[in-house]
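K.L.:
What TrEMBL lists as domain 'CAAX prenyl protease 2/Lysostaphin resistance protein A-like' is 136-233. Per TrEMBL, the feature transmembrane segment maps to 16-37, 57-78, 99-121, 133-151, 172-189, 195-215, 222-240, 260-278.
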Amino acid sequence: MYIEQGKKGNLGMWKYLPLPLGFFGLMGLNYLVTLLMDIDSDTVIKQQIEMVGKTGLFLQLMIPFVIFLVGLLLWVKFVHQQSILSLTTSRKKVDWKRIFFVFGLMASFIIISTGADYYFSPEDYQLNFEATSFIKLLILAIILVPIQTSFEEYMFRGYLMQGVGLASKKRWVALVFTSITFGLLHAANPEVGTLGPIIMVYYIGTGLFLGIITLMDEGMELALGFHAANNLITVLLVTADWTALQTDSILIDISDPGTGYQILIPVFVIFPLFLLILSKKYKWTDWKGKLLGEVDVTPIAQEVTKD
């Protein structure tokens, strides 16, 4: 079972708390400073783009995640003395086919749905393709976006899912906690100011979906692939001037920011459809036990595993 993989490391409250407290403290401080100083995120982003360009801003936003991911994996490896493999999956090795399958599935969905919307509503988009700028973005995005999404997955669906699951002994507690905190991670995004609090339904719903596929599949592979595809293809294909990531993408969405059903459809229609497809392909069973059951916290012998 995936959560139980956390028992393969050296446990202890003091070992689990520093990373999430430090990370959330940093995010909270950033949000608090923005709030107290009445900083307009959109204005700051526009000023940064004028100073360093969209590619420069993209680098500034992505580089911290490289540091975060390396720090998290080193902490797990040397402080918890847990293998990165056991943080990633309950399988004997990482199933790359799973990662690439769901990556392709999500990438295809985004490309087809965006293409259809562009065909039927071309007035909502501005063609922004410029070969040199796009190639630079493509190279950087292929390297950095999977690092950014992998950090978020290893922190929430990996580190916190296992830690909270073992501490609470309840799978549903780990699932709900990681979903809500994942949503709160995005609370300071410009999208929240533009679209309003309803966007949090999407963020928390996405966290819930990623948590469900992690628990049902007994590993993070599907979550890693899905999240990477969602962010990478979006960054390359279409951005808007009210989003956190503004890049030299192929298209710019110039329509009025939508609310309501446009936000709710992914959570209540698309994600359930993906769950159906993945559950059929990987023959998932015992949904109640894997999502709501007890976590076996019986100590196991330490395993020495080379990553």
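Each Cβ is built from the backbone N, Cα and C atoms, and glycine gets one as well.
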K.L.:
Please give the sequence-distant neighbours of the transmembrane segment (16-37): residues at least 6 beyond its ends with Cβ less than 8 Å from one of its Cβ atoms.
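P.N.:
Answer is 68, 71-72, 75, 155, 159-160, 163, 167, 181, 185, 187-188.
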K.L.:
As a test: from 57-78, 195-215, 222-240, pick the stretch that has the greatest number of Cβ pairs under 8 Å with the transmembrane segment (260-278).
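P.N.:
Ranking 57-78, 195-215, 222-240 by Cβ pairs under 8 Å to the transmembrane segment (260-278) puts 195-215 first.
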K.L.:
In terms of Cβ proximity under 8 Å, which residues at least six beyond the ends of the transmembrane segment (57-78) contact it?
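P.N.:
Cβ under 8 Å, 6 or more out: 9, 18-19, 23, 45, 48-49, 84, 87, 137, 140-141, 144-145, 147-148, 150-151, 154-155, 159, 235, 244-247, 307.
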K.L.:
Which stretch from 172-189, 195-215, 222-240 shares the most C-beta pairs under 8 Å with the transmembrane segment (99-121)?
P.N.:
222-240
